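Copied from TrEMBL, the annotated features are:
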- 58-102: region 'Disordered' (REGION)
- 87-102: compositional bias 'Low complexity' (COMPBIAS)
- 130-258: domain 'TFIID subunit TAF5 NTD2' (DOMAIN)
- 305-316: compositional bias 'Acidic residues' (COMPBIAS)
- 305-356: region 'Disordered' (REGION)
- 328-339: compositional bias 'Basic and acidic residues' (COMPBIAS)
- 387-428: repeat 'WD' (REPEAT)
- 460-495: repeat 'WD' (REPEAT)
- 502-533: repeat 'WD' (REPEAT)
- 544-585: repeat 'WD' (REPEAT)
- 586-619: repeat 'WD' (REPEAT)
- 628-660: repeat 'WD' (REPEAT)
Amino acid sequence: DRQTLVAVLQFLRRSNLRESEEILRREARLLGDDLGGNVATVATSSPGVAAVAAVPPGKGEARGDCGVGPSSRREPRAVESPCATRSLGGSPVSSPSSKITHSGDVVGGTVVVEDQPDVSAVLSAYNQQGDPTLYEEYYSGLKHFIECSLDCHRAELSQLFYPLFVHMYLELVYNQHESEAKSFFERFHGDQECYYQDDLRVLSSVTKKEHMKGNETMLDFRTSKFVLRISRDSYQLLKRHLQEKQNNQIWNIVQEHLYIDIFDGMPRSKQQIDAMVGSLAGEAKREANKAKVFFGLLKEPEFDVPLDDEDEEGENEEGKPKKKKPKKDNVGSKSKKQDPNAPPQNRIPLPELKDSDKLDKVMNMKEAARRVRLGPECLPSICFYTFLNAYQGLTAVDITDDSSMIVGGFADSTVRVWSVTPKKLRSVKTAADLSLIDKESDDVLERIMDEKTASELKILYGHSGPVYGTSFSPDRNYLLSCSEDGTVRLWSLQTFTCLVGYKGHNYPVWDTQFSPYGYYFVSGGHDRVARLWATDHYQPLRIFAGHLADVTCTRFHPNSNYIATGSADRTIRLWDVLNGNCVRIFTGHKGPIHSLAFSPNGRFLATGATDGRVLLWDIAHGLMVGELKGHTDTVYALRFSRDGEILASGSMDNTVRLWDAVKAFEDLETDDFTTATGHINLPENSQDLLLGTYMTKSTPVVHLHFTRRNLLLAAGAYSSQ
């Protein structure tokens, strides 16, 4: 009774046992500090608090599941009565005395809670509610209702099957009804969509309550609400059915664990839904893609380009016949106008251009003047670099922007840099030799190089695990590599030594990439976050957290204001470098994402995954605008040609495919209705966008690169099987 409870609380307070007092007050649902007699009224039961209730009377131990963690504050449920919560045995534990007897043990339990606040609080939401033997009946009842509903609603409501199946199964496991859980799983797991097979394999290994504690996938499922996008008509239909049937079990799960994004208008078709679903946490909420994104390009600095009559030597390495071009006054003045969709020039601080960068820009413009215009009638030549005898296991490749060097990351922890041009790789001379050089001479940059060190290949040692990502800086002075050892290393290409090891990730780092302007770089890893770094800071500048699984690939937007990350949770996110916010979430892939490429104009993003599909996204509207089917294995490499006319994709199926990007992005339906509801209309057949397929003998394609004149370079390691 109340008096006894107040007396015990006052005794605890006098004895300075604040923690026990807190727990008891929370269990008894007594609020307010004043224990002088007018203790506040008993609060309604909230699902995260029923910890003692989950202990059968008579068993003198309470698991540390009292809702202390961040996620334990949930809205009250309509079903339970305030003081009688159901125990495992099914009989209400209502007498306050039984609560007090357990309170002492809960104190012991809090240690566990402090240790892992989220785990216990999250799982305790699975307190028992329904009769375990009826779960199959509830589920099959709903299934029957959905399958008998009209076609237009059936496709939308079928999205409920998977999240409900997982939550009901986990609820049975958590409450230790192992045999019921097993039969529930066996009866219904075959009905789930094929793209959830991997998740179901993980789920089938969770058969006991103890298994749930350390299982990340399950915790994600518990903490993040599964998002479904359903039209208002379909939702009303579902709600009416569940309320008529008094099917509280399912209705509770829908209210607590699912986020239903309701839109007005026509329900979506099966194809439209299938294109968008498949990620770990359902679709993206519509407001997730509402923020404004400055996808335009920054204005190039202006300077005059001297056009020589004669080609300089070594410039025509690619062996193309010289074409006479009408002379332009100065190519540098090409883009005088500011792109209306571009971010302000000073939105994020970018490094100043050095003289060497300006020279490089001039070279780039000269090369661009000789660039081949690609299109369906004029496909690029492809030059394939095959790594032979790569028993060290090739794990990453990158090629410099001017196509003069190629780097490979290997499973034996080495990073190997090759020169692709006749010019050999040389290191800077020793300090003693450098002091003898005339600093004023014109060719001082040549003189500081040591000819004795010239070689085609340099090997960089330093990592202590496989190297999963490599990236050259735009000015070709630096090289980044990231590894299983949890570090990102910055190497000098002047001395071929390691300058910095960036330690921030505690687990393998899967990818890293330099910003197109240098200075900044991004890394993503097994710890599910991407980090933004600057070369002169040893701590990250931004941490982008939000993915529910490994961040497998990272890419900078051409204007360097945004970063795209692809993840094993089957979503792609776009992050704003300025404030670290997530401004786009793209769902639709059915497997982990392994490649990303922005179109040169910054408007579109192409993504490739283990499902063999290449998806195209309109960044401004946050919409999927194309699906390229053809590859039969993971797509590991994607690259747009320099003018954005062609998209090249390379895959583990040993092929390079070329797609017509112009055609894929023309006549896009991006009206407000499509944007609001996700009624995307993808062309039935992507074969008419496929311009060519090129097989290698037995070499999976790991990297693609268009040279400044639009020759396509591809790379991979020959596999003998």
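Note that Cβ sites are derived from N, Cα and C of the backbone, with glycine treated the same way.
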### Message
How about long-range neighbours of the repeat 'WD' (544-585): same chain, 6 or more residues beyond its ends, C-beta under 8 Å?
### Response
216-217, 220, 224, 278-281, 284-285, 288-289, 291, 293-298, 342-343, 347-348, 350, 510-517, 520, 522-526, 528-532, 591-598, 600-602, 605, 607, 609, 617, 619, 622
## Note on the structure
Same-chain residues at least 6 beyond the ends of the repeat 'WD' (387-428) with a Cβ under 8 Å from one of its Cβ atoms are 314, 317, 360, 363-364, 434, 448-451, 453-472, 474, 476, 479, 481, 483, 485, 491, 493-496, 702-703, 705, 707-708, 711, 713, 715-718
### Message
When secondary structure is assigned with DSSP, how many helix, strand and coil residues does the repeat 'WD' (628-660) contain?
### Response
0 helix, 19 strand, 14 coil
### Residue distribution over DSSP helix, strand and coil in the repeat 'WD' (502-533)
0 helix, 19 strand, 13 coil
### Query
With DSSP helix as H/G/I and strand as E/B, how many residues of the repeat 'WD' (460-495) fall in helix, strand and coil?
0 helix, 19 strand, 17 coil
